[in-house]
Each structure stands twice: as structure tokens, then as C-alpha cells.
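K.L.:
Have a look at this one before I ask anything.
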Amino acid sequence: MHLCSDADTTINALYEIDVSRNSGAAFAFSSVVRNKEHRKHLKGEDCECCRDYYARVGPLPPRLQAPLWNDKSLDSSTARHGQPVTPTKHRNAISKHRAQWAAPKTPPGYWDIGFPDTQEAAAINERAREMRREKMREVEVESR
């Protein structure tokens, strides 16, 4: 499937949900997972508040060692044992936000109070179009 340039075409109109990967359901849903062991296997996510935390904390230190928060001599992408720690691994290891599917992102400007002027509205619309293009790319890669 190719990326669609039509702004009115939805992702759901372009792609069908794989019933075998969605607990037999042909519609999108998120079920609650209450079992601690089962939750460990879900993908770790981050919210806007947690995103800053992951960026500042840096990679996970090896077990039973001090964190790297204030160690300026180390590269932020490498743990003390020399192996790179990806942000995805870090989130999956410690995130409290867990889900089978990633939650949709909040539209740009959604939480801004008041009405934007024309220039701000144009910038918000451009960010929204970029978010949509990014989501389409993600879905296309996942559908392969």
C-alpha cells in the first residue's frame, strides 16, 4: 500500500485490522491487562511528562550500581558496561505506561487555551499534517 496524499482518507479506510493479531476482533480496542507478569510483556510507552524524564535520566545503569545522571564523562547513549541502550529498551524496562497498541497522539494545539491567530493556525495545521504523514508511514511499515 502506498502513502496516500488525500487528506480525507483515513488509515482505517486504507488498512484492515489483522484479526489474528487482535484477539480475533476486526475492530480496534485496548483490553485491560491486570496480571503483573502479562503486563511485563506489553510494550512500554511514554506520556509527555515521562518523555522529559527519559531524556534527562539517560541509559539504565547495570544492576546495583549508581545511576549515570550526573556522570559527564560518559556518552549518554552508552551504559557503563559499554553496550548502547536504546530509548525503546529503556522504556520497555521501566515504563509504567504499558499497552498492546500505542495510544494516538494528542493533536497539536489541543491543550492551548484561546483561539490562534491565522499564522498560528497555519502552523498547527502543518504540524497536524506532519503527524498524519508520520502515522501513515508507521502503519505502512507495520503492515508489511
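A Cβ is built for glycine as well, from the same backbone N, Cα and C atoms used for every other residue.
Keep in mind the model is a prediction, meaning the values are calculated, not measured.
Look at TrEMBL and you will find 88-99 tagged as compositional bias 'Basic residues'. Annotation source TrEMBL lists domain 'DNA endonuclease activator Ctp1 C-terminal' at 28-120. Feature annotation from TrEMBL assigns region 'Disordered' to 73-115.
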K.L.:
Taking DSSP states H, G and I as helix and E and B as strand, how many residues of the compositional bias 'Basic residues' (88-99) are helix, strand and coil?
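P.N.:
So the counts come to 7 helix, 3 strand, 2 coil.
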K.L.:
Mean pLDDT over the domain 'DNA endonuclease activator Ctp1 C-terminal' (28-120): what is the value?
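P.N.:
Computed over the domain 'DNA endonuclease activator Ctp1 C-terminal' (28-120), the mean pLDDT is 75 on the 0 to 100 scale.
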